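Student: What follows is a structure written as structure tokens; I'll ask about it next.
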Amino acid sequence: MSPAGKGPAWRQPAILAAAGAAHALSFAPDPLPAWSLAPVQVIALAVAAHASLQAPSARRALARGWLFAMFSFSLGLYWMYVSMHDYGGLAAPLAAAGVLALSAFLALFPGLACAAARWLCPPHWDASPPARARRTLYTAATWAACWAALEWLRAVVLTGFPWLNISYAHVDSPLAGWAPLLGVHGMALLAAFAAAALAGLWQSASGRIDSRQALAAGVALLLAGAGWLLGQFSWSRPEGKPLHLRLVQGNVEQSQKFDPALLETGLRRHLELASLPPRPGEPKPDMIILPETVLPVFQDQLPASVWDAWIEVARRADTRIAMGVPLHTQPDGATGHRYTNSVIGFDASTPVEQLRTGTTAMRYDKQHLVPWGEYVPPGFRWFVDMLDIPLGDFDRGAARQPSFDIAGQRIAFNICYEDLFGPELLPALQDGPDGRPGATIMANVSNLGWFGNTWALRQHLQIGRLRTMETARPMVAATNTGITAAIDARGRVAAALPADRAGVLPVAVQGMTGLTPYARFGDKPALALIGLLLIAAAARGRRPRQP
């Protein structure tokens with residue numbers, strides 16, 4: 001009997017809840033092995049597809065899709081509880097309610113996708129076998145387009161929160177080969193199609209599978225095979241010599257990081273790690289990269305002696321240093337003040353005054369700010385006041401900012417969860433209007449200590465891997481508590497430090513040049529394909545069926 005078959009009233013909600021929980025496990029290795037993530041994701045989502053398509057109405061389909069997604073988000077984002085309760089100081093019931101409220105909101109998007117697909121694709125058991133086979137293919141494509149469209153909408157509404165996009169379960173599957181062409185939303189379309197095609201195999205009133213109903217599943221297999229072939233193609237080419245980098249993971253406990261009494265302890269730890277001599281046979285680093293908010297106070301609140309110490313590290317190592325730091329600046333001629341979450345770069349020749357005023361030549365200001373943590377959405381000041389979050393409102397950086405030019409390579413920085421928003425990384429990789437060439441390496445600095453040693457760390461690494469596949473650019477990640485890593489241009493983790501451990505990661509990173517179709521056009525091709533499928537579905541899906 002299919003998952004939507006007859007049975008006790010509790011049966012189907014229980015199946016959807018279990019499938020949603022299994023779905024949450026598919027977004028990063030541990031506890032599941034990497035090879036199993038894609039199959040688990042497709043099978044779990046197929047349960048939701050089948051249940052929603054066989055719902056008696058679009059409203060019931062919405063409820064079924066929402067229930068599935070509610071369990072998926074609640075478990076997959078459980079680490080939000082850690083940030084709100086353990087480090088934000090929110091009472092346990094309120095922190096749990098916060099996670100559930102966020103999950104309930106996010107689950108509306110999959111729920112609406114299921115409702116739209118059910119409205120466009122009513123059950124068709126009365127159709128002839130050939131028509132049923134054609135309708136199975138059409139239904140799978142329509143359901144996938146609805147799901148992918150709502151995934152995209154989730155990425156843009158209210159600044160967007162596309163964490164747990166289904167594509168991230170497929171960084172080790174053949175579908176990853178499509179990333180350089182269609183990006184995260186195109187992969188979501190293909191993954192959702194595979195799930196709906198599998199659901200189509202269950203859509204038989206007798207419980208038997210008609211061979212003609214396997215048409216959609218066959219197309220899904222062909223798309224996976226094409227993805228594998230595309231994955232063999234090199235979309236970029238090396239430029240210059242490999243860049244030698246030292247990535248620092250300070251592992252400062254989040255509960256201590258912003259404690260004024262422990263400020264000196266954290267600074268000393270990062271100074272010591274940055275000052276370590278290279279191991280025997282290891283070349284000196286061209287740049288030392290430290291995580292987000294290495295300095296947990298604004299740069300002008302520190303005495304000049306702190307900056308003197310950092311300049312001395314750069315002088316002794318004969319290198320440049322990049323670090324995350326909150327900046328307080330007053331632009332020339334401006335009467336106001338700017339507060340930004342930034343990365344600054346400097347070397348032994350950088351004047352201390354530039355460091356204290358935040359006017360270094362190498363600088364990146366975060367542009368996609370975290371709601372409640374880095375800016376306060378209108379009407380939510382009461383919620384922020386309940387949380388013990390330091391620093392507060394920041395100003396946004398420009399959409400395109402200069403890369404850091406180091407030893408013939410050009411590094412484009414992003415901060416925290418900015419690597420979740422692929423289109424926003426692309427301007428830095430493209431040649432500028434002034435002819436300045438695009439970046440050859442991406443670098444993410446973050447502080448995931450807010451979430452403890454949870455799934456968030458491994459999920460974030462998967463996100464970074466997909467960004468490198470989309471752009472055919474390597475990425476390095478320097479984090480406070482993990483996972484500090486180097487990812488090559490094909491999305492493979494070349495080296496990584498264990499989480500919750502202080503250390504340094506010396507890596508040689510080969511810069512790459514050349515634009516993938518996704519790096520050139522962004523989400524436009526995928527959205528065009530999704531839009532065409534939805535237009536076709538709207539034009540055809542509600543036509544009266546011929547008897």
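Numbering starts at 1 and runs along the chain as displayed.
Note: Cβ is positioned from N, Cα and C throughout, glycine not excepted.
Taken from Swiss-Prot, the feature active site, proton acceptor covers Glu292, and the record attributes it to sequence analysis. Summarising the annotation, Swiss-Prot assigns active site to Lys366. If you look up Swiss-Prot, you'll see Cys416 marked as active site, nucleophile. The annotation domain 'CN hydrolase' is assigned in Swiss-Prot to 248-511. The transmembrane segment annotation in Swiss-Prot covers 31-51, 65-85, 89-109, 144-164, 181-201, 215-235, and the record cites sequence analysis as its basis.
For each feature listed, report its degree of burial, its nearest neighbours and the pertinent distances within the displayed model.
Tutor: In the three-state DSSP assignment, the secondary structure recorded for Glu292 (active site, proton acceptor) is coil. All protein chains included, Glu292 (active site, proton acceptor) registers 23 other Cβ atoms within 10 Å of its own Cβ.
Residues within less than 8 Å, Cβ to Cβ, of Cys416 (active site, nucleophile) and separated from it by at least 6 positions along the same chain comprise Glu292, Asn341, Lys366, Val370, Asn444, Val445, Ser446, Asn447.
Using a Cβ-Cβ cut-off under 8 Å and counting only residues 6 or more beyond its ends in the same chain, the transmembrane segment (31-51) has close neighbours at 2-4, 12, 15-16, 19-20, 22-23, 25, 61, 64-65, 68-69, 72, 110, 114, 117, 143, 166, 169-170, 172-173, 175, 191-192, 194-196, 198-199, 202-203.
Counting only same-chain residues 6+ beyond the ends of the transmembrane segment (65-85), those with a CB under 8 A from a CB of the stretch are 13, 16-21, 23-25, 27, 44, 47-48, 51-52, 91-92, 94-96, 98-100, 102-104, 106-115, 163-164, 387, 450-452, 454-456, 459.
Away from its own ends, the transmembrane segment (89-109) comes close to residues 65-67, 69-70, 72-74, 77-78, 80-81, 150-151, 153-154, 161, 386-388 of its chain (Cβ-Cβ under 8 Å, at least six residues beyond either end).
Residues 24, 27, 72-73, 76-77, 106, 109-110, 112-114, 116-117, 120, 184-186, 188-190, 192-193, 195-196, 368-369, 371, 377, 417, 420-421, 459, 463, 523, 526-527, 530-531, 533-534, 537 of the same chain lie 6+ residues outside the transmembrane segment (144-164) yet bring a C-beta within less than 8 angstroms of a C-beta in it.
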Student: Could you tell me which three-state DSSP class Cys416 (active site, nucleophile) falls into?
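Tutor: Reduced to three states, the DSSP call for Cys416 (active site, nucleophile) is helix.
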Student: Please work out the number of neighbouring Cβ atoms within 10 Å of the Cβ of Lys366 (active site), leaving out its own Cβ.
Tutor: 26
Student: Determine the mean pLDDT over the domain 'CN hydrolase' (248-511), rounding to the nearest whole number.
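Tutor: Per the prediction, mean pLDDT sits at 90 for the domain 'CN hydrolase' (248-511).
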Student: Which of the three DSSP states, helix, strand or coil, fits Lys366 (active site)?
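Tutor: Looking at the DSSP assignment, Lys366 (active site) belongs to neither helix nor strand, so coil.
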